[in-house]
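Each remark here refers to the structure printed beneath this line.
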Amino acid sequence: MEHPSRDAPPTAPSGAPPRTVAEDAPQVAWWKVFAGLLIALFTTFTAFGAVVPVLPRLVVGEYGGSPLAVGALFTCTAVVALLGRPYGGQVAQRFGCRRVMAAGAGIAVVVGVLYTLPLGLSGLFAARLVMGVGEALLFTAGSVWTVHLAPEHRRGQVVGWYGLAMWSGLSAGPALGELLYRTGSYTAVWVATVALPVVALLVLSRLPGDPDTGAAVSRRLLPPAAILPGLSLGAGAFGYAVLVGFGALALADRGIPNGPVLLSVFSAAYVGVRLLAGRLPDRVGPVAVITVSSVCEAVGLLLIGFGPSWWITALGALVAGGGFTLLYPSLALITIDRAPESERGAALGAVSSFLDLSVGIAGLVGGAVAELSYPATFALAAVLVLGSLPLAPLAARGARKGS
């Protein structure tokens with residue numbers, strides 16, 4: 001254990017549970033730190049998202065690559081991030097969340113620099129592989145830090161806001177990238193991918209010290225506490241991925257226009273419910289919220305898959321987005337409660353990896369089912385979501401006593 005600095009909070013008496021930053025610091029202090037985390041996460045993930053609309057143009061138009069190469073570029077990043085998140089949680093607990101977040105932001109700067117170099121298609125693959133490492137370190141270390149910061153009675157809400165910052169960055173990034181490309185070509189986009197993570201580094205450098213570092217950390221990369229919550233989150237993410245990949249196609253197959261707008265409706269519900277009802281997991285308990293959320297998502301998916309008009313399918317997207325959004329903070333609460341302190345970082349990273357894995361599986365399985373029937377794809381997603389309902393109560397029963 002590192003020796004505390006002069007301005008570190010007093011340690012807890014022997015035998016007492018460790019105190020969190022939220023307990024030791026004034027409330028305004030933890031809010032300032034958390035705001036810094038949100039800014040760092042948002043700016044860096046905006047940089048990650050800014051290249052989404054321009055990479056396909058670059059690969060196909062400039063380097064003569066194929067659509068398969070475009071898909072492989074995005075997939076390799078997702079695979080590295082998926083595998084790296086549990087490691088990111090372990091490293092954050094061992095060396096400090098601020099240091100690991102800064103390392104992730106620094107790697108993002110390197111990625112931006114790699115984009116500027118004339119290295120061809122192989123250089124792009126190198127940049128995307130490195131990006132997966134940075135993404136895993138930044139997000140998972142920030143998740144662990146957020147748990148340390150959040151007051152226990154608002155932990156679900158604060159964890160939800162943290163996830164929303166990433167979602168917002170990934171949503172804003174493509175719009176920014178398209179705007180910069182249209183006004184300044186590729187160079188303007190590459191400059192943004194360097195500058196935005198630099199902003200994150202500057203913000204992180206101004207934040208106070210990390211939560212406890214140097215404590216014993218388990219070597220497990222898939223803690224038992226993460227398995228049931230991860231499977232439950234994966235079921236919900238399968239439905240989200242089916243909507244993203246096949247929603248517009250399903251509507252077009254039924255002769256319903258404006259299918260792409262469904263994703264905007266879903267996103268509006270996702271953000272709105274997270275902001276307005278984010279404290280529900282803390283107030284009524286995560287299991288109740290997961291149950292209602294899963295039912296809502298399943299009903300919404302069925303409305304999208306079988307609705308006879310655009311308005312019915314839009315209602316489905318609204319209901320599905322409002323249901324899916326509270327799954328992660330609720331399942332994170334269960335994971336935090338179940339995992340011993342030595343495994344908490346890896347557990348949080350593993351749960352988020354289940355989401356990435358499910359999205360990848362949904363593309364393959366959903367595509368195969370869609371060859372036969374688009375409605376069947378959404379029916380399958382709804383069945384998986386409803387089938388996951390017993391997982392949350394089972395996971396909650398294993399929560400650590402006295403947590």
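Cβ atoms here come from the backbone N, Cα and C positions, even for glycine.
Features of the protein shown, as given by TrEMBL:
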REGION    1-21  region 'Disordered'
TRANSMEM  33-56  transmembrane segment
DOMAIN    33-399  domain 'Major facilitator superfamily (MFS) profile'
TRANSMEM  68-88  transmembrane segment
TRANSMEM  100-119  transmembrane segment
TRANSMEM  125-147  transmembrane segment
TRANSMEM  159-181  transmembrane segment
TRANSMEM  187-204  transmembrane segment
TRANSMEM  225-252  transmembrane segment
TRANSMEM  258-277  transmembrane segment
TRANSMEM  284-304  transmembrane segment
TRANSMEM  310-334  transmembrane segment
TRANSMEM  346-370  transmembrane segment
TRANSMEM  376-396  transmembrane segment
Practice task
Give me the stretch from 33-56, 159-181, 225-252 with the greatest number of Cβ pairs under 8 Å to the transmembrane segment (125-147).
Solution key: 33-56
Practice task
Mind checking which residues of the chain, 6+ beyond the ends of the transmembrane segment (187-204), have their Cβ under 8 Å from one of its Cβ atoms?
Solution key: 36, 39-41, 43-44, 46-48, 50-51, 54, 98, 101-102, 105-106, 108-109, 111-113, 115-116, 138, 176-177, 180-181
Problem - Selected stretch (most C-beta pairs under 8 A with the transmembrane segment (33-56)) from 68-88, 159-181, 225-252, 258-277, 376-396 - result: 159-181
Practice task
Report the listed stretch (100-119, 159-181, 376-396) having the maximum count of Cβ pairs within less than 8 Å of the transmembrane segment (310-334).
Solution key: 159-181
Practice task
Sort out the residues at least 6 away from either end of the transmembrane segment (284-304), same chain, that have Cβ-Cβ distances under 8 Å to it, and list them.
Solution key: 156, 232, 235-236, 239, 242-243, 247, 250, 262, 312-313, 315-327, 329-331, 333-334, 378-379, 381-383, 385-386, 388-389, 392-393, 396
Exercise for the section: With pairs restricted to those 6 or more apart in sequence, evaluate whether the transmembrane segment (225-252) and the transmembrane segment (376-396) have 3+ C-beta pairs under 8 Å. Expected result: yes
Handout entry: Most Cβ pairs under 8 Å with the transmembrane segment (258-277), selected from 100-119, 159-181, 376-396
Key = 159-181
